[in-house]
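Each remark here refers to the structure printed beneath this line.
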């Protein structure tokens, strides 16, 4: 009888260890996705991409460390983990290109070129308004608060701060400035915007991993899938449908540089000059 008990005990411990292993594997899967971001973006590559982010000329010096970027991606396990390796690298390159334009400190004759100065700013310097859409009753503005651009994607407007806050667990309406005071949160808001569909706009993520399915309205507006469509999603109302727009060209320039660093091609439809903005 004692021997039989020992056998059952061994079997129980064996299955317990298997269960623990599976739980740990699942936890890793949740934290990192199928391809840990560190496999796609090493610290050395991050430093080569953002050559001058620690320059004294950059107001955001010290605000965008590699560790904060990696930590933020753990909240979005599908980022950089959908499709083959080329698709994954291209998506990450596109994301980094867009946040680089949004936070650029570069200029035409800048050292190492204009596309080596991403993540130079953490908030909009001279906002033209407090970005409060008073007509939006779902996400009401708080008195005295500015919903100007903050973080890598330059999150703007009360409705974006409100939705990001609800998704990420912070009070975006009452404390929007927290996005410029917390490095991990700043990256989270950028990734939230990238990964989240906001109808009629698809998510930038779905566009870059070939999951975007254009509606009849999209087809009529010539909103073709590619890096240019992510620009339309981010700031199409001001930049798209304009031949040779300098802001769009700057975004493309960053993407082309980063695609080379990731050893992938950019794919077609880099700009949005022939696309109508989303309504």
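A Cβ is built for glycine as well, from the same backbone N, Cα and C atoms used for every other residue.
On a predicted model such as this, the values are computed, not experimentally measured, just so you know.
What TrEMBL lists as signal peptide is 1-27.
Neighbours of residue 120 (disulfide bond), defined as other CB atoms within 10 A of its CB across all chains, total 22. Annotation source TrEMBL lists disulfide bond at 58-120 (among others).
Sequence-distant contacts (6 or more apart, same chain, Cβ under 8 Å) of residue 102 (active site, proton donor) comprise 149, 152, 153, 154, 234. The annotation active site, proton donor is assigned in TrEMBL to 102.
What TrEMBL records for 132-141 (among others) is disulfide bond. Residue 141 (disulfide bond) has a Cβ environment of 22 other Cβ atoms inside 10 Å.
A Cβ distance under 8 Å defines the sequence-distant neighbours of the domain 'Glycoside hydrolase family 19 catalytic' (185-195), meaning residues of its chain 6+ beyond its ends; these are 63-64, 68-69, 71-73, 75-76, 78-79, 95, 98-99, 122, 150-153, 155, 160, 164, 167-168, 170, 178-179, 203-205, 234. Here TrEMBL flags 185-195 as domain 'Glycoside hydrolase family 19 catalytic'.
According to TrEMBL, the disulfide bond annotation covers 240-272 (among others).
Within 10 Å of the Cβ of residue 132 (disulfide bond) there are 18 other Cβ atoms, across all protein chains. The distance from the Cα of residue 240 (disulfide bond) to the Cα of residue 132 (disulfide bond) comes to 23 Å.
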